[in-house]
Amino acid sequence: MKFVDEAFVRVEAGNGGHGCLSFRREKFIPRGGPDGGDGGDGGSVYFVADKSVNTLVEFRYQRLLRAQNGQPGMGRLRSGKKGEDLIVPVPLGTTVYDKETSELIGDLIEAGDKLCVARGGRHGLGNTHFKSSTNRAPRRTTSGEEGEARELKLELKLLADVGLLGLPNAGKSTFIHAVSKATPKIADYPFTTLYPHLGVVRVEEYRSFVIADIPGLIEGASEGAGLGVQFLKHLERTQLLLHIVDIAPLDGSDPVQSIQAIISELEQFSQNLSQKPRWLVFNKIDLLAPDVAQARCQEIINRLNWKGPVYKISAIKRQGTELLCYDLMSFLETNQRSI
């Protein structure tokens, strides 16, 4: 299924049913009085977070979501049937905005979270309500109210504990494949990963976390170079970023400049994202002699004046990945997840 993380949709709640103008008519009761029933309330439109839904692609084909109208009231004090609510499943991590005002309407995080995005109109009143000591045969009723209608923007931000950063071909997809059951496409050309991938990393039977891989960034991504920064939003809910660095790039590029380019793109996209905890992960150490790999890693650390955690791994050979995953689990358990 195609991955879609943004959609626009119009929602229309049902109108309330009109009140009924009716009088009791029975044999031997010539003046039975009013017996008009109320209309039914209009149905509302709800979004519900559903863990079986992974993308907003359905909204590309269904741009109008409409709940049922309430039915009009009837004689003999019978109320009209309420319009049926429209319940629409959306992925966990869906944020809903008013398209015109950009107002945040709600965030659906946990399975079962429910958000009313258009409320149904109230029912109209039958003429029974307007009977009084001075008006025994009222001919007054009220109309049902119109249901709410609005244009919405839906945005999906994946729910993950750890996010992967790096240039194309840094080895992010290989890493997530090595430590989880995720199966992203892996090859030796740029932009193999075209859409975000999630993987569940289990360090023990009951200890696990979710890791997100997004398409690689390149310098100028904020201006639209490469695949741009459109997928960075999927890292905004993470607790920690792993910056995967290729220490043996085939094109001979400078890893320090590559790291600085990624940091620059992060800062231009979001200060909040750029300030998240970030660990450096030097990948592909198996391609260099141990002493050369050690010297190159230390040179990068010195030039960056890096003070944070550093790991040296070979994702393809699963070298150093187990320790990294256990340390990630410990970090996440110490710093309880907050979205």
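Start at 1 and count along the chain as shown; that gives each residue its number.
Using the three backbone atoms N, Cα and C, a Cβ is placed for every residue, glycine included.
Annotated domain 'Obg' per Swiss-Prot: 1-159, in sequence order, evidence recorded as sequence analysis.
In terms of DSSP helix, strand and coil, the region 'Disordered' (127-147) has 4 helix, 0 strand, 17 coil. If you look up Swiss-Prot, you'll see 127-147 marked as region 'Disordered'.
Among the features that Swiss-Prot reports, domain 'OBG-type G' is placed at 160-333.
A simple way to gauge crowding: the CB of Gly166 (GTP binding site) has 25 other CB atoms within 10 angstroms, across all the protein chains here. Residues annotated as GTP binding site in Swiss-Prot: 166-173, 191-195, 213-216, 283-286, 314-316.
As annotated by Swiss-Prot, Mg(2+) binding site applies to Ser173, Thr193. According to DSSP, Ser173 (Mg(2+) binding site) is assigned to a helical segment.
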Assigned conformation of Lys284 (GTP binding site) - DSSP reduced to three states | coil
Site with most surrounding Cβ atoms, counting all protein chains shown within 10 Å, from the binding-site residues Lys172, Lys284 = Lys172
Could you tell me the C-alpha distance between Ser173 (Mg(2+) binding site) and Pro215 (GTP binding site) in angstrom, no decimals?
-> 9
